[in-house]
Amino acid sequence: MQTPRSGNATNRRPSRGEDAPGSASKAARRTGSLNGPAENTLGERVKVVVRVRPPRGQETGGAIGLDQNGTRLVVFRENSVVPQSEFEYDQVLPPSATQADVYQAAVQPIVADVMNGYNGTIMAFGQTGAGKTYTLSSIQPDAIGMMPRAGAEIFEEISADPGNEYTVFMSYIQIYMELIQDLLRPENENLQIRESENGVFVAGVQEVEVKGMQDCLHLLQIGDRNRVVAFTNLNAHSSRSHAIVMLTVIKRRRLGATSRGEVQKVKVGKLFIVDLAGSERLKKSRSTGLRATEAKSINLSLTTLGMCINARADPNSQHVPFRDSKLTRLLQESLGGNAKTSLVIAVANAIEHVDESLQTLQFGARAMCVKTQAVINERVDYKLVSDLTSRLDTRDERTSVLEATLMSKEEELENLHGMLKGEQAQNAQVIQALQRERQLAEEEKERLLAQRNAELEAERLHKEQLAMQLQDTQAQAEDLLSMHEAEKSALLSELGYVKDAKQAAERDKDETIRKLENDLTRMQHQHALEQERLSQQLTMEREAALHRKQLELEAVQQKLRLAQEEGERLQAEGQRLRVQYEEASYQSEERWKARLQESESSAQRRLEQEQGSVAQLRSTVAGLEADVRELTGERNRLEVAVDGLGSDKHQLQEVLSALRRRAAELERHNAAMARSRSEFEQAWTRNKRLNQAARVIQAEYRRFRVRQLQRENMAGAQALWQARQAGQSLEDQKAAVEAARHAHLAWSGRALVANSMVLMQEGIETIRAAFLLPQKDLKQVSSAQAKLASLTGTPGTPRRQGSSAFGGILTPRGDSGSWSIASAGSAYGGGSPFITPMGTPRLGSGLGKSGLSFASPGVGSGGCAAAAMYEPGQSSGRKPGLRVLTCL
Ligand SMILES: Nc1ncnc2c1ncn2[C@@H]1O[C@H](COP(=O)(O)OP(=O)(O)OP(=O)(O)O)[C@@H](O)[C@H]1O
């Protein structure tokens, strides 16, 4: 049982260029024998297109589900919502697909290749009744099959190509129970398979030249009539044999004429259309007798076909059993040889046939791994023309014999005539249907072409507009650029003024800040004073008013107390008078009465007076209380005013802090500018020091060279003097001088190198001093010196003239693992020691390109040189230092 797709790697669709196992080397051999260095398409694999037939009659659909892309399908078992298996192919055509769709997907590309001289195979495989014959050979006008369509296209291509001469032959055979029968000459029922340098072929098969579609259809119908078809339980018209239509297209182009005859370029394309008999389960078909024997033979040959496919798909397979059946022997080239192959897998969308469909789909999935190696069957031929002519002559002879036979069988002809007429009418219908289809396709093509032209025109206009816009934009950009340049220079000239203005503005700003700070402090101080004064004044006023009112209140209360005391006293007096009255009643009731009344009324008046003054005092107290309330309100108002002053103060503080921040920023900016300036000055100074160092070393070298020449001359002069003293001949004197000079030269070479070491060391020290090189970098210098010394240390060793040295800085090139020289310096032996600035150190970017090279001097007749590189390295974030030294 198959597992779902995730676990079933065999169902995966390999890409068309993917390697298939066991590529056919035989085809490659044939390429050499037949085609020479012909064009080929190495490694193309079998294209597999699945066609799903709709359910028929009693069949239950829903066994196959298709995806949107048209490349995958899933198979469901009965009553299962989970797919049993998933497959992927080059194309999956749904039940609604038309014959034209199948042709486009599987046949059209192969036919095009056949017209170009390739071998092509279209093969239909599937269970009995799955629709193979319907797909390939149907001549129903509404469902014309692949074979008539392929023939129609071939003849259409031929009529559209008058530059080439075409000949088309057609054969039609069937393999029935392992016997090959010619369906166009059914009496030939046991044809044999042979093999030549051009591949496998059926010996003695009738190859009928066809001149047009009519001929093709006619032969197809003859063959179909002769094909073994029978009623079975599974298909009313079940093909009991494998049928193969072969169309050979010979395309000739005349190249010229030679003494050996006419030279032609000949391309031979062969198209095989194979309608395999359907596999069937005897249990299901309930076939017996002959039908059962047929079924067994069919199944056997299909099993062999499966085994061959498996072997071709397996890279480790050693043997492909092509010879085990006539079918596989004949299809040998199509299954991995010199052919382009399309396999149409026919399956029925019926639950009843799920097992057979799964087997068929598995077969298709394996076939996708089979790789073919098609080559163009092309050659330049002298003989072929005459061969073909003789074949044509033979055919003519045979035709005349046949005509004679036909003449003698006129009766038979008459009987057949009616049948032929019907056939021709049907053929005409087929041709008409094909023409209609093609016309419709042409119209659709023209419509699409017109639409595309309109789109292209619109696009062109749009592009023109864009180009114009681009030009405008460019012009604008150029204007802007020139404006920008002018502005830039104006700005640069203004920069000086601006700097001054900035300084003045900074001074103003400092002044303003100071003033603002002073103002703020003063205001704060005033505000605090005012606040304090107001609150003191308020407190004092309030306290004074309160005190005053308190005093007034106390005075009033005192008066009230006095008045009450007076009242009490008066009441006591009245009491006392009443007592006196009562006492004096004895004396003069009348007199005392009057006096009492008078006293009473005066006391009453005084009491009223006192009560009036009390009321007055009370109103005064109420007035005072109102004043107190008013003063309290005033105090609240003053407090609110004091709060307002507080928020103003806060705002002023914020402004002040913003100003302080701005001032700090300006200070930072000024500091950065100062730093940049000082860095620039340092770099400038370093550069100057380096130039000085270079001049010093050059002067030193010049002095050294002068001394060296003087010594050399002296050595020569001494040698000359000694030779003269010895009375030597002029020649000997010359030789002595040369020898002395040569000896000195050897010495001076060593001395020079030693000296140059010193000079180099001095130079490095100078550079180090200038750049504060780390001590470890000097180790590289030492190792270079050691190498230099080892190469120049042997006295008298001849040296190459003008040695050169080269130093460079290796920098990694991205993540690629390779290196590049970021900057380099070189020295040339025989010159003076020098330090060459490789670039002027600048601030900012570009430091990676700057550096210094340092070289030792060369010697007179021999030369040696060494170079050192110094790279500041700031741009790439590396530490400065000497990176690479020397070579000689
Ligand atoms: N795509 C299709 N649409 C409609 N009918 C189809 C389709 N395919 C096949 N049929 C019908 O199914 C029946 C069987 O088809 P066909 O004879 O082509 O099957 P087969 O695979 O050639 O079978 P066998 O192997 O037994 O010859 C025919 O009646 C045919 O018209």
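Glycine residues also receive a Cβ, built from the backbone N, Cα and C atoms like all the rest.
Because TrEMBL annotations are produced automatically, they should be read as predictions rather than curated entries.
The region 'Disordered' annotation in TrEMBL covers 1-42 (among others).
Under the heading compositional bias 'Polar residues', TrEMBL lists 1-12 (among others).
The annotation domain 'Kinesin motor' is assigned in TrEMBL to 45-370.
Just so you know, the Cβ of Thr133 (ATP binding site) picks up 24 other Cβ atoms within 10 Å once every protein chain is counted. Annotated ATP binding site per TrEMBL: Gly126, Gln127, Thr128, Gly129, Ala130, Gly131, Lys132, Thr133, in sequence order.
Summarising the annotation, TrEMBL assigns coiled coil to 406-580 (among others).
The coiled coil feature in TrEMBL is assigned to 607-676 (among others). Note on the coiled coil (607-676): mean pLDDT across this stretch is 76.
Positions annotated as region 'Disordered' by TrEMBL: 790-809 (among others).
Residues or ranges marked as compositional bias 'Polar residues' in TrEMBL: 790-804 (among others).
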Binding-site residues close to ligand 1 - of Gln127, Gly131, Lys132, Thr133, only those whose C-beta is under 6 Å away: Gly131, Lys132, Thr133
Number of Cβ atoms other than its own within 10 Å, given for Gly129 (ATP binding site): 26
Lys132 (ATP binding site): tally of other CB atoms within 10 A of its CB: 27
Mapped DSSP class for Gly131 (ATP binding site), helix or strand or coil: coil
Under 8 Å by Cβ from Gly126 (ATP binding site), counting only residues of that chain that are 6 or more apart: Lys132, Leu276, Gly278, Ser279, Ile345, Ala346, Val347, Thr360
Thr128 (ATP binding site) CB neighbourhood, other CB atoms within 10 A: 25
